[in-house]
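> Quick one: the structure is below, and I'll ask about it shortly.
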Amino acid sequence: MTAPPLATRRRQDRVPFVRAVTYAALILAVVVTLIPFAWMFLGAFKTDGELIRRPITWWPDQPTMENFVTWFTRLDFGQFFLNSSIVAVATVLGNLMFCSMVGYALAKIDFAGKRVLFTLVLITLMIPGVVTFIPLFVVVSKLGMISTYPALILPFLASPLGVFLMRQFMLGIPDALLEAARIDGAGELRIFLRVVMPLCGPALATLAILTFLGSWNNFLWPLVAAQSEDMYTLPVALSLYSVGQNATNYGVLLAGSVLVITPILLFFVALQRYFIQGIATVGVK
Amino acid sequence: MTLLRQPRVTGAGRIAGARRRGSTARRRATVVAYLFALPFIASFAVFMVFPVLASLGMSFTDFTNRDIQNPTSVNPVGFQQFSALLSNPQFLRSVLNTVYFVGVGIPLTMVIALALAVALNSGINRFRTAFRVGFFAPVVTSIVAVAVVWRFILQPDGLLNEALAAVGITGPNWLGDPAWAMPAMIMMAVWRSVGTLMVIFIAGLQNIPQEVLEAAEIDGAGRAQRFFRVTLPLMRPTLLLGAVLLSVGFLQFFEEPFVMTRGGPLDATLSISYFTYNQFGFGNFGLASAASYLLFVAIALLSLVQFRLFRSKD
């Protein structure tokens, strides 16, 4: 990068207080944004008594691990975590494989019906999940798969968004590279695996992150498809324990929230550049 | 950059290949392409295309949960489910609620996100990453988990009202008062959507050529003028994209009321998705499908309107 344009620099020098105000506003805004997180994390270590006591306290009076212990003893956190993880990992792997395969066909092979297929993919990007879940439920229950892993995984193995993402990225890979491999006698499968896929690292990383995020936080379908407690994913377990008699166990609910979002938050902080790039890529198209 | 090192032969090879490309070659390519697309097409057909069509079909029947094992007992009822919806006060309420949520939530999110994007893009260098991470954190977290926390923050004597009391305002019973439950939902939705839009807007701002802004400055345009006359018009495609993405998400609004209010109080936060989910729970699959289709049509229409609106201003 070169030095900032002259006009920008001059503007900044002329009005330093604009910068100060901007910083102050941004800091205030980010603090306000993060307050719910702070309150959640601190609250998870408070007793129910302290949580309902007024005035509100920030720092726990007598920090307790009791709320977390409840998740591992009275509730089956291990099982919920395992369910969420199995579903997320399977969904990510499926998307990486299947979306890149179609992406390759759509970007690099000239075939009959290509436009129709791509248009269908684009149209389905707009269809809300609530439209499909009733027929899906009927299909899955006819197949006897309600409350099984396949019910939670299969509908999400390939996503139109992933296909779109992979196609867009692969369009940018020069055809000449593929032609060279073809001249050298490589078949399409070989070209796909040895030439195209190794170049798709950034797109695959983006797709993996977005799919993992979507799967980990997915709610409506698991709520419908996981009808027995041993198949609940984390958000489903948390939402079902947040009503009825459990709704008054404030500390347990906050601890549950912490347990649900901590893995994804850690993942996010570690890979934040790619997360943000991914959203920008998919958004900007 | 391995991408740039292209073998010399390819130029000639490619032209020859293109000339030689006959129908046999294309037929072969088509077979190969479909082999690559097969897993996706299979899953797409079973889990997307079929459900979408089935849902449309179901919306013209009296399909209930009792018909799952014996679909022959289903009767076609024409547009009866749709007319039933239009005379169902709860559904109409859910439509009004969704319109309220989208109508207030989207402009609010866009304005805040644009302000943050402009601020972050205006020569702010220190803590830039920290700011982005901070504003983006609500985006990546489970809505269900944060809704649990917001429920406490929004209690009559919760954190928000305590903060309001500190500046002399008596806050309402956010989730218990039908008049305030929806503003509370909107507040939370804005909180968790601003990050995504902000990132998209920053990308849009960075695509604006510096020279154009400098030229405007030389012509004597002030800060505000440059923003409204240069930046905003050039941002139109990005703003449009943001608005469409947000509408698709906001129109499906479900998790927040599910966790925080169960659609209450007095159906004040019952959304179209929530209505559909409830009817599904009662076993009224036909009615629920009809409702979900109306939602789909609304999403498609709104996207169209937004495209028109942003284009016609050119």
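Yeah, the Cβs are placed from backbone N, Cα and C, and that goes for glycine too.
Keep in mind that this is a model prediction, so the values were computed, not measured.
Feature table excerpt (TrEMBL):
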- B:95-306: domain 'ABC transmembrane type-1' (DOMAIN)
- B:29-54: transmembrane segment (TRANSMEM)
- B:99-121: transmembrane segment (TRANSMEM)
- B:133-153: transmembrane segment (TRANSMEM)
- B:180-203: transmembrane segment (TRANSMEM)
- B:234-254: transmembrane segment (TRANSMEM)
- B:285-305: transmembrane segment (TRANSMEM)
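Describe the structural context of these features.
Counting same-chain residues at least six beyond the ends of the transmembrane segment (B:29-54), none has a Cβ under 8 angstroms from any Cβ of the stretch.
Long-range contacts of the transmembrane segment (B:133-153) within the same chain, counting only residues at least 6 positions beyond its ends with a Cβ under 8 Å from a Cβ of the stretch, are 116, 159-160, 175, 184, 188, 191-196, 198-199, 255-256, 258-260.
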> Grab the same-chain neighbours of the transmembrane segment (B:234-254) for me: Cβ-Cβ under 8 Å, and only residues 6 or more beyond its ends, written as numbers and ranges.
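Distant Cβ neighbours of the transmembrane segment (B:234-254) are 98, 101-102, 105-106, 109-110, 113-114, 185, 189, 193, 196-197, 200-201, 203-205, 207-208, 212, 271-274, 277, 295, 298-299, 302-303, 306-307, 310, 313-314.
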